[in-house]
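Undergrad: First the structure, which I've put down as structure tokens, then a few questions once you've had a look.
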Amino acid sequence: MTTTNLSAVADPLRLYDETFASRLLLGTARYPSPQSLEDAVRVSNPAMLTVALRRQSAGSPEGGAGFWKMLRELGVPVLPNTAGCYSADEAYTLAQMSRELFETDWIKLEVIGDDYTLQPDTLALPAAAERLIRDGFKVLPYCTEDLVLCRRLLDVGCQALMPWAAPIGTGRGPTNPYGLRLLRERLPNVPLIVDAGLGVPSHATQVMEWGYDAVLLNTAVAQAGDPVAMAQAFAMATQAGRLARLSGPMPERDVAQASTPVVGLPFWHAEEKQA
């Protein structure tokens, strides 16, 4: 089976009641130009494009009728988010506005609890998620790798989670590998998307090898020297990590083990080993 067939047909990403061919989600902010964003989307073929309603304005390159027209023409599903919200009420209101504007029930839920780390508010996040799910939203909550928080989000009705790898925009990669791997182990049947903190394609490959279902990127692509090439690199890295996971990596060993069999070697090699 080719990797193309694996991605598009045999191994789709399943979120709520929908399936997606790609396991990469892409943000739309901070690109050098609208053209670079458009080109990055075309080469990476993401499952969804995240859009922060609060950050858009008619006078910015990321806002206005031209921006929305470009998104529609790309034909990629839009995932609005509640970036910049600091309370459950604020996030709820912005989500309702996003639903009306984008005509979608999808929402990436962000409720920030700390300005310095942009860490999610672990109390307000489940409360906001519960309200939105009651209203029919398909909520993808931005959270940490905290297992208790993640279980609480599942309890209120979330069917997928988006734990961070590191604080937003840092590009540090997974700062708590143990916690992320444990979360994957304890929630084996829950779609998990690593959101925030990935900086280079190898980070995406790593978390996909751990069994994560998808990755979401923005700054790592938008602020790269060549955003289009980086978008393509991340798409390939994500697919490589997924294929490696499904292929069953060899177990790690503490001691060396020869990869070349000794059967059939000349007799004097056997004598040397016995000596």
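Every residue gets a Cβ built from N, Cα and C, even glycine.
Sharing the feature lines straight out of Swiss-Prot:
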type	residues	note
ACT_SITE	LYS108	active site, schiff-base intermediate with DXP
BINDING	GLY169, ALA196, GLY197, ASN218, THR219	1-deoxy-D-xylulose 5-phosphate binding site
Undergrad: What are the non-local neighbours of ASN218 (1-deoxy-D-xylulose 5-phosphate binding site), defined as same-chain residues 6+ apart in sequence with CB under 8 A from its CB?
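TA: LEU26, GLY27, THR28, ALA29, ARG30, THR50 - these are the non-local Cβ neighbours of ASN218 (1-deoxy-D-xylulose 5-phosphate binding site), listed in sequence order.
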Undergrad: Looking at the binding-site residues GLY169, THR219, which one has the fewest other Cβ atoms within 10 Å of its own Cβ?
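TA: Ranked by other Cβ atoms within 10 Å, the binding-site residues GLY169, THR219 bottom out at GLY169.
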Undergrad: What number of additional C-beta atoms lies within 10 angstroms of the C-beta atom of ALA196 (1-deoxy-D-xylulose 5-phosphate binding site)?
TA: 26
Undergrad: Around the C-beta of the residue listed as 'active site, schiff-base intermediate with DXP', how many further C-beta atoms are within 10 angstroms, looking at every protein chain?
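TA: Result for the residue listed as 'active site, schiff-base intermediate with DXP': 26 other Cβ atoms within 10 Å.
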Undergrad: Around the C-beta of GLY197 (1-deoxy-D-xylulose 5-phosphate binding site), how many further C-beta atoms are within 10 angstroms, looking at every protein chain?
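TA: Result for GLY197 (1-deoxy-D-xylulose 5-phosphate binding site): 22 other Cβ atoms within 10 Å.
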Undergrad: Measuring Cα to Cα, tell me the gap between the residue listed as 'active site, schiff-base intermediate with DXP' and ALA196 (1-deoxy-D-xylulose 5-phosphate binding site) in whole angstrom.
TA: 12
Undergrad: Please state whether DSSP places THR219 (1-deoxy-D-xylulose 5-phosphate binding site) in a helix, a strand or coil.
TA: helix
Undergrad: An 8 Å radius from the center of the GLY169, ALA196, GLY197, ASN218, THR219 Cβ atoms defines the neighbourhood of the 1-deoxy-D-xylulose 5-phosphate site; name the other residues of that chain inside it, in order.
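TA: Near the 1-deoxy-D-xylulose 5-phosphate site, the remaining chain residues are GLY27, ALA166, PRO167, ILE168, THR170, GLY171, LEU198, LEU217, ALA220.
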Undergrad: If you measure every Cα to Cα distance among GLY169, ALA196, GLY197, ASN218, THR219, the residues said to bind 1-deoxy-D-xylulose 5-phosphate, what is the biggest one in Å?
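TA: Value for the max Cα separation, rounded to a whole number: 9 Å.
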